[in-house]
């Protein structure tokens, strides 16, 4: 370390300079890379993963610098580089981290092609310096002296050999190299031995570079064909057709294909033609199913980087695509294209079965499966099938317990973004969806649809006859409503029924259907209770889950013969009590569904708590009780047969996908 002499001015200013600092920093980066510490990017070449640091890659290569700076606010940590060999890329990475690399004579041409493609000026300059020294050594060689290496001038390509090194030190490839350790590094470090050990572990044998050369990539030449790079005249690369100016004549040649219609790259599977080779490679991923770009948030795989960047906007909620007509913004470009049809008047894709229109063809294709019954996506865990892949991915998150989507208001987590959006509406307090029959308002559209089904089940004959009979007068409608009210007051035991459909019933002794009831989703009058009505031989398959929420700690369970013998599991104080649990289906009654009940049962009040424990029960377990106070009991009916309409005297609710949350399917440990 040296210090420059101070100037005559006062106060004195010292300029401290270290000749070894840059080498020490570079060696430290190399040590961190080999230990896989602080690495923020993984590069995949021929299925070999290379850990690295973005900052050093961007500082060494203009290609990586442009790639990373184009990410804007999206930070991707996994990239796959096509058209390269793992062995050659390992040599390039070694030069970036140590400024020294040892390569075989046969692979130097591949190394220089990759250096030009990645735009690594120091590596290219090191090769040029080595060439100049070799030419000088050939001129000064004495006559009759035996040659140690092949004359470089006899090679077809003078860029056939590279010994990467610092600008101040040059070594010949064929001589035995000394230890390349820099200042501050371990003297026993040998890059050749390190690369050989790494190659035995995970890097494939070097093969000829195919489909990578720049002139191959741009001009459609046969890959692997050696020769000098084409020299274009030193003139401006301007298109004579449209006047556009390009950085090089290579890009100009590609652009001219848009005018000539030339498409030299053809897909061997479907025959589709393309103007550029990389576009063909992206297209071929549709046939192979390859999706190398992985979302770091939800692990969704995509085939192109552009698709990944658009997908990441869904997580960041950045709406970068704005309609020029109305100013509406969208997070994906395809959404904007679909929206533009509203202004252009272009027809939307329409279903031939139900004539429903969709924003794009992809949504229509997904919808058609609802008519054909096709469910091509199967869960490998439980075997359940789905019509859409996105639905399967959400379902798999349920198995894994993953909930990456967080509500910004209450921090509640969800497994899919649509559930979070529906939940966030509840914080606004707005109920924009109203029933046209009874004027009840809902915050969510799916709850309104479920509510409308209850009206359709109440009076289906009236709807069928409405098409044949003329509309009734006002007195006739009032008389019919009075008759319906008299019928609803006839049977109080089945005043309200929440019916579990037969396809949701488990097999005897194999699974349980659990109803999770908390103070957040249930509130009744003081003289009301909850009755669970089951069919024969199904009481052992039904279980109740309650949580300590102040006033919901006891539930009434009723069987058809009046015996309270249903297995009840109560969750109080974090403990689970009951028999050996099997695989369970937990169903949560939504708050909106309870609001529908409250419309017919009055304002919500505190539920009366009744404790009745047997002598054999110990611990904080809620007792099983048959309530005698249920003037208007809310009944949850579990049957294997459809209940006749004459026995349903009140509001009927169907527990289906739209009205309940199908939360989790797992094995429950009684000790947790």
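Cβ coordinates come from backbone N, Cα and C, glycine included.
Within the listed segments 140-152, 179-191, 244-256, Swiss-Prot records DNA-binding region for the stretch 140-152.
The average pLDDT the prediction assigns to the zinc finger (293-315) is 76. Among the stretches 293-315, 321-343, 349-371, 405-427, 433-455, the one making the largest number of Cβ pairs under 8 Å with the zinc finger (265-287) is 293-315. Below 8 angstroms of C-beta separation, residues 310-311, 313-314, 359-360 of the same chain, each at least six residues beyond the ends of the zinc finger (321-343), sit close to that stretch. When the zinc finger (349-371) is classified with DSSP, helix, strand and coil residues number 11 helix, 2 strand, 10 coil. Secondary structure of the zinc finger (293-315) per DSSP (helix as H, G, I; strand as E, B; remaining residues coil): 11 helix, 4 strand, 8 coil.
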